[in-house]
Amino acid sequence: MDKYFFGITTVLNFVLGLLTILDSGYTANVRNKDDIFNINITMPNFNTTQEDQYAFLQYELPDEELTLVGYSPLINMNAAHHMLTFACANPGSNKQIWTTGQACNGNEQLIIHGWARNAPSMTFPDDVGFPVGRNTPYKYIVINIHYLSNVVNDKSGNQLIISRKPRKYQAGVMLAGTSQIYLKPKTHSIRTPFSCRYNGPSISIFAARVHAHQWARVNSLYRVRDGVITQIVKGDPQWPQSFYPLPSPIEIQSDDYLVGQCVYDNDDEHTVRVGPTHKDEMCNIYAMYSFEPTKTANGKQKTGLAPIRSCWDNEFNSLNNLIPPDSEVPPRKPSDIGGISNGHHTHAEHAMSPSIDAGKQLSLSSMDDPAYEDYMEEVENMRHRDKDSDGYDYSKVLSHLGLPEYEYVDAHNYDYLLPTHLTYGKDQTVKIHNAKIMSSNLYTCVDSWPDVKSLPGQLGEIGGLALNKANDELVVFHRGSRKWENKYFTGNYRFRNELYSPIEEDVILHIDTRTGQTKFRWGAKMFYMPHGLTIDHAGNFWLTDIAMHQVFMFKPSDLTHPALIVGEMFQPGSGPTQLCRPADIAVMKNGDFFVADGYCNSRIIKFNRKGEYITEWGSPMTGLQDRDGFPLANQWNIVHSIALNEDAQLLCGADRENYRIQCFNSNTGEFQRQIRVETKDNIGPIYAIEFAPNTNGTVLFAVTGGTETPTKKVYMIDARTGDILTSFNSNPPLNAPHDIAVSTNGREVYVGELALSPMNALHKFELAKRKDLPTQTFSKRIYLNDKNFRVSLIIMTFFAIPVVLAVIIGCFVRIRNIRKLRRLNTFLNDVKVSSTGSGSVLGDWMNRRKGFEKLDQCSDGENEPLDNNINDDLNMNSNDEINQQQITTSSSSINNSVAFKMGASL
């Protein structure tokens with residue numbers, strides 16, 4: 001009996017365990033004796049709540065040393081548009097499934113697989129894999145599925161092919177491409193080149209995936225070695241999104257160059273720029289490679305250290321001429337993606353092994369499948385979407401900006417758009433017109449600004465931005481043809497002025513904020529490495545040069561000779577009269593000013609209006625941390641930008657590499673607070689800050705940058721409390737923002753980038769405008785908390801009270817008169833009864849019982865003769881005057897017979 005009971009218990013435990021695994025959406029299956037097994041990560045009967053929905057599912061890997069060696073998608077294009085698979089240190093949510101946010105938290109994340117339109121399964125070369133699990137940063141797998149339409153009980157997912165045996169070579173993914181995309185209307189064969197130099201151990205590229213949107217024709221990548229160019233990949237962006245194996249792996253060695261391009265055709269009537277949506281374009285090539293990892297002292301492989309992760313933008317222009325002419329011709333099928341094999345390569349055994357023949361699995365191009373939809377919203381679209389903007393209190397934002405709250409309607413509560421008005425006069429405010437636009441993104445990028453044609457061809461990296469007092473000019477301080485490179489400096493921060501002369505071009509531009517056209521330029525042969533720019537209340541220009549280690553002030557009347565200089569030319573130092581790579585300036589109304597002496601000295605210095613030293617605060621990093629895990633207050637790792645709100649006695653500084661903002665009392669230097677715009681794992685370097693003028697509060701704008709920040713954003717902050725009021729992304733996305741400028745009430749925001757071309761150097765963002773509204777009229781509902789409604793109600797009540805009183809009095813008088821008439825009628829009836837003859841003077845009247853009711857209708861004009869043809873009377877003024885005179889003269893002799901006639905006529 002005991003044996004029988006034990007057997008039943010064992011079977012039940014096994015069944016319950018199996019059901020638990022199946023219900024969680026994860027299954028494991030041992031495939032063979034080589035310790036290779038599958039893990040199925042699938043949705044547990046997921047139901048979408050809307051069309052075009054994104055869903056994330058996390059899976060925690062076993063605490064083992066594992067290697068991913070392949071994928072077999074368990075998904076169909078009828079249900080999903082695309083699917084991504086990530087390896088993460090931390091998932092983007094604590095929930096098993098989530099539909100907003102991101103796949104991973106923190107910087108330790110990696111896209112390990114992408115699928116779309118029934119792309120095939122894939123396995124890596126025999127000795128290559130992605131290490132995950134124990135002794136790696138990657139403890140979780142997250143899949144992200146983009147559903148096109150509503151689905152019920154969906155079980156889509158991905159099957160991971162995993163080995164417990166480590167591989168000799170690790171896999172990595174390099175993203176190559178550019179954001180320098182500007183497609184003019186009705187143009188063809190537009191090329192956007194990119195290039196870089198590789199510096200690392202040998203790698204072997206064995207598979208590639210290209211990505212772009214509907215205007216792209218072909219993406220290609222090449223290797224250049226000793227002047228010889230070799231094709232790595234050439235792919236059609238309209239193919240199904242998958243990694244395709246190269247015919248033969250391509251070796252990349254240290255000092256090799258990588259060069260490539262994307263080719264576009266724009267038959268539309270509008271300009272197309274870089275961006276994540278289907279209205280924008282992209283230029284991406286993902287190259288999957290293998291490399292032999294370094295080993296620890298005990299002989300184990302080091303994981304998480306990829307030799308190269310990106311090759312971005314066009315660093316070496318001269319290589320573009322080596323790209324062959326046939327690069328503009330797309331391959332006919334994926335087997336042609338790598339061109340012709342040209343010899344032996346390192347890791348030549350690393351040929352990918354698709355599960356079945358790729359040519360038999362799927363449609364290979366739009367020619368093979370006429371119904372093939374454009375893949376505009378692909379992997380990158382999902383990663384750049386703004387999903388968090390609705391979480392902010394926009395009434396609070398408007399209040400801080402000094403914009404009236406009643407001029408904004410929340411799109412979640414109302415289904416109509418506000419009426420429009422937009423004012424730009426002095427001390428006037430801006431109306432938020434489109435609630436739906438407001439709820440999705442507070443600011444929108446002005447696509448037509450600036451006028452690129454009016455910008456100089458040598459518009460270089462943007463050092464600083466500033467708006468003049470009238471807000472009609474944006475002044476730009478840029479570096480022309482010079483880039484900040486180590487070759488210009490010695491080891492002790494001294495600029496090599498004996499080798500390099502001042503910048504030849506005009507480095508200061510005045511750009512019309514409305515038209516985007518360049519109005520004026522100056523500053524040629526005056527600066528060596530421009531950085532910070534500020535315009536004070538008197539219109540003076542304050543500039544910093546990090547090569548000269550000086551601060552300059554120019555008056556508008558003399559732009560060739562500085563009126564004030566602080567610091568010693570080409571002499572870095574830390575004394576009261578010396579600076580070391582000063583980054584920014586903030587000027588008080590009395591002329592005193594602050595300098596962010598930020599790259600070397602980690603301090604903020606205050607000078608009087610004559611440039612004489614007053615005080616300073618700040619110190620370098622000591623390695624000590626506060627309880628929140630950040631460095632101690634008043635310690636700096638590059639004071640990159642400062643902003644002053646004199647009314648609030650607040651001076652804030654962007655502590656760039658500590659990923660925070662520090663604020664101080666501007667009079668005493670006493671520390672007030674530190675501000676972090678994101679959680680510690682998600683935040684990036686804060687490059688620039690600026691207070692918005694003429695707001696109700698201390699509204700501080702900040703912009704993040706740096707290559708380690710995946711999504712650069714602009715943040716709106718209440719500097720008094722440290723609260724983040726809102727944030728927004730850019731479209732096109734920001735690449736390398738460096739400075740920010742904000743207009744009155746925050747109506748317009750400008751961002752300058754360390755860009756390589758004028759097309760993407762400057763961005764203008766503004767609140768919703770009149771053009772965003774439809775022309776039809778919407779019925780507006782009234783709400784008691786609307787300030788306009790309350791004012792109108794008070795005015796209406798004020799005028800209504802006398803009217804109501806008059807009506808009440810009139811009704812009272814009328815009721816009293818009716819009672820009198822009734823008594824009179826009773827009296828007349830009594831008289832009629834007592835009368836002995838029909839010739840009584842009142843006889844006719846008493847025969848008309850309704851005479852009083854009819855007469856009462858004309859009580860206001862009882863002395864006027866009644867006439868049934870009223871229109872004739874209105875058109876005969878002379879007759880009216882005669883009749884009136886006759887009535888007036890005879891009024892004293894009117895007898896009862898006249899009254900009887902009037903009664904009879906009624």
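Each residue, glycine too, has its Cβ placed from N, Cα and C.
Curation plays no part in TrEMBL annotations; they are all automatic predictions.
Features as listed in TrEMBL:
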DOMAIN    40-148  domain 'Copper type II ascorbate-dependent monooxygenase N-terminal'
BINDING   His81, His82, His146, His211, His213, Met282  Cu(2+) binding site
DOMAIN    169-296  domain 'Copper type II ascorbate-dependent monooxygenase C-terminal'
DISULFID  Cys196-Cys311  disulfide bond
DISULFID  Cys262-Cys283  disulfide bond
BINDING   Leu465, Leu533, Asp739  Ca(2+) binding site
BINDING   Arg479, Tyr599, Arg656  protein binding site
BINDING   His531, His640, His738  Zn(2+) binding site
REPEAT    571-610  repeat 'NHL'
DISULFID  Cys580-Cys600  disulfide bond
DISULFID  Cys652-Cys663  disulfide bond
TRANSMEM  791-813  transmembrane segment
Within the domain 'Copper type II ascorbate-dependent monooxygenase C-terminal' (169-296), residues counted as helix, strand or coil by DSSP: 0 helix, 81 strand, 47 coil
Cβ neighbour count (within 10 Å, all chains shown) around Cys652 (disulfide bond): 28
Residue distribution over DSSP helix, strand and coil in the domain 'Copper type II ascorbate-dependent monooxygenase N-terminal' (40-148): 0 helix, 65 strand, 44 coil
Using Cα positions only, nearest of the recorded positions to Asp739 (Ca(2+) binding site) (His146, His531, Cys652): His531
Sequence-remote partners of the repeat 'NHL' (571-610) [C-beta within less than 8 Å, at least six residues beyond its ends]: 464, 492-494, 531-532, 534, 536-537, 540, 542-544, 546, 549-551, 564, 616-621, 635-644, 646, 651, 653, 656, 664, 666, 669
Residues that sit under 8 angstroms from His531 (Zn(2+) binding site) by C-beta distance, when 6+ apart in the chain: Gly463, Gly464, Phe477, Thr544, Asp545, Ile546, Arg581, Pro582, Ala583, Asp584
Recorded positions near Tyr599 (protein binding site) (Cα-Cα within 10 Å), from His81, Cys196, His213, Met282, Cys663: none
Between Cys652 (disulfide bond) and His640 (Zn(2+) binding site), the C-alpha gap once rounded to whole angstrom: 11
Which of Cys262, Met282, Cys311, Cys600, Cys663, all recorded positions, has a Cβ with the fewest other Cβ atoms inside 10 Å: Cys600
Cα-to-Cα gap, Met282 (Cu(2+) binding site) vs Cys600 (disulfide bond), nearest whole Å: 38
Inter-residue Cα distance where the pair is His81 (Cu(2+) binding site) and Cys311 (disulfide bond), in Å: 28
Binding-site residues compared (His213, His738) - highest count of Cβ atoms within 10 Å: His213
Alpha-carbon distance [Cys283 (disulfide bond); His81 (Cu(2+) binding site)] in Å: 20
Confidence summary for the domain 'Copper type II ascorbate-dependent monooxygenase C-terminal' (169-296), mean pLDDT rounded: 90
Length of the line joining the Cα atoms of His146 (Cu(2+) binding site) and Cys283 (disulfide bond), in Å: 21
Entry from the binding-site residues list His81, His146, Arg479, His640 having the most other CB atoms no farther than 10 A: His640
Output field, Ca(2+) shell: CB within 8 Å of site CB centroid, site Leu465, Leu533, Asp739 dropped: Ile462, Gly463, Gly464, Ala466, Val475, Val476, Phe477, Gly532, Ala688, His738, Ile740, Ala741, Gly752
Nearest of the recorded positions (Cys262, Cys283, Arg479, His640, His738) to Leu465 (Ca(2+) binding site) - Cα to Cα: His738
Sparsest-packed of the listed recorded positions (Cys196, Cys283, Leu465, Leu533) - C-beta count within 10 angstroms: Cys196
